[in-house]
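Feature list (source: TrEMBL):
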ACT_SITE  Lys8  active site
ACT_SITE  Asp138  active site
BINDING   Pro96, Val97, Ala98, Gly99, Gly100, Met101, Ala102, Gly103, Gly104, Ser105, Ala106  ATP binding site
DOMAIN    66-146  domain 'GHMP kinase N-terminal'
DOMAIN    207-278  domain 'GHMP kinase C-terminal'
Amino acid sequence: MRVRAPAKINLALLVGRLGDDGYHPLVNLFQAVSLLDDVLAAPAEPGCFTVTMTGESAGVGEGPDNLALRAARLLAEEHGGDEPLGVALTVRKTIPVAGGMAGGSADAAAALLACSVLWDLDVAPDQLAALGSRLGADVPFALLGGTALGTGRGDVLAPVLTSGTFHWVLAVAEEGLSTPAVYTRFDELGRGRRPEELDVPDELMNALRTGDARALAGQLHNDLAEAALDLRPDLSRTLERGRELGALASLVSGSGPTCAFLCEDESAAIDVSTQLASTPGVQAVRRVLGPVHGARLVSPTH
Ligand code: C5P
C-alpha cells in the first residue's frame, strides 16, 4: 500500500499563551500544498515493525521515535484486535525535515492510512484523526488536506471554502529549526495572545473564498515569525529577496525556517523560483500549488 500526504503552509498562525498541557492554544489556518511525502507499507512478520527512510530524509532516525513507525504501532495497539500485526514501512521524503511544513506529521498521516488499508482495519476517518492528534498537532490536517481552520492545539479542524489555485514558491533553508525551540523563544519574547485575540479576520476568509491572491497576500500572518527570525536572522534576507523578485507576499512557514512566497500566477512563480535559488542560505527552491487533497492511497504502480 502506497500513500502520499502533503506538506502545509500556515496562512494565518495566531498563538496564545502557553497552557498547562505544554501546548499553546492556536488559531491555525492551514493550506495543503503539492509537496508530498510517500509512505509504502509492505507486509512483515507479526510483531515486526520497521521503517526505512529514503529521499531528502537526512537527520530522521529509523528507531522507535520515528513518527511513521510510532503511527503504525499506535494503530496496531488501538485498532489491531488480538491478531499480532507487522509492517515494513518505506518513507520517501520530499518535504524538508525540520522545515516548518509538517513533514513528520505528513509521514505519520500517510503511515496511519497505509497500515489501516494493509491490515484491512475498520477505522473511520475521525478515528484516524484522533489517533493522529496523539502523534502530533498537525497530523489530523495532513489526513484532511485542502484548506482548514485549526483550533485547540491546531488539531480541531473545520474545512474552509476556497476557489481556484494559489501559486507558491518555497525556499528551503540549509539548516532546520526545532519547533519546540521556536515556541520557547516565542514565550521568552512574551508575545502570547489573550483568548479574545485568537480570531481570523473576515478579510482573510473572503480572499480565500474568492480566490483573490492579491487580497490574500495582505492578510497572511504568522505570530511565530518574530521568534523564528530571532533565532535565524538570515531568513529576513530571503523574505526580502522574494518580495524584490515580485512575490505578492512572503512569510515564514509555521515555525520555519522554510519561507513561503505567494505569487500572482504561474509565470510570476517561475520568475521568483528561478532567481531565488541563488540567494545565500537557500538550499532548494520548490514551486507548489495549493490547496491539494490530504493523505491518499496511490496505485501501487505509481
Ligand atoms: O505536536 P507536535 O509534536 O507537532 O509539536 C511539537 C512541539 O511544538 C510541542 O512539543 C510543543 O513544544 C510545541 N507546540 C506548542 N503548541 C502547539 C503545537 C506545538 O507549544 N499548539
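Cβ atoms are placed via backbone N, Cα and C, with glycine included.
Annotated features taken from TrEMBL, shown on the structure.
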{"residue": "Lys8", "record": "active site", "contacts (Cβ under 8 Å, 6+ apart)": "Phe30, Gln31, Ala32, Val33, Met101, Ala102, Asp138, Phe141, Ala142, Gly254"}
{"residue": "Pro96", "record": "ATP binding site", "contacts (Cβ under 8 Å, 6+ apart)": "Glu56, Gly103, Val172, Ala173, Gly176, Thr258, Ala284"}
{"residue": "Ala98", "record": "ATP binding site", "contacts (Cβ under 8 Å, 6+ apart)": "Gly59, Gly176, Leu177, Ser178, Thr179"}
{"residue": "Gly100", "record": "ATP binding site", "contacts (Cβ under 8 Å, 6+ apart)": "Leu177, Thr179, Ala228, Val252, Ser253, Gly254, Ser255, Gly256, Pro257, Thr258"}
{"residue": "Gly104", "record": "ATP binding site", "contacts (Cβ under 8 Å, 6+ apart)": "Val60, Leu67, Val97, Gly136"}
{"residue": "Ala106", "record": "ATP binding site", "contacts (Cβ under 8 Å, 6+ apart)": "Ala5, Pro6, Ala7, Leu36, Asp37, Ile95, Ala142, Ala295"}
Express the predicted model's confidence over the domain 'GHMP kinase N-terminal' (66-146) as a mean pLDDT, rounded to an integer.
96
State the three-class DSSP label for Gly104 (ATP binding site), counting H, G and I as helix, E and B as strand, and everything else as coil.
helix
Would you list the other residues of this chain near ATP - those whose C-beta lies within 8 angstroms of the C-beta centroid of Pro96, Val97, Ala98, Gly99, Gly100, Met101, Ala102, Gly103, Gly104, Ser105, Ala106 - in sequence order?
Ala7, Ile95, Thr258
Which numbers of helix, strand and coil residues does DSSP report for the domain 'GHMP kinase C-terminal' (207-278)?
37 helix, 11 strand, 24 coil
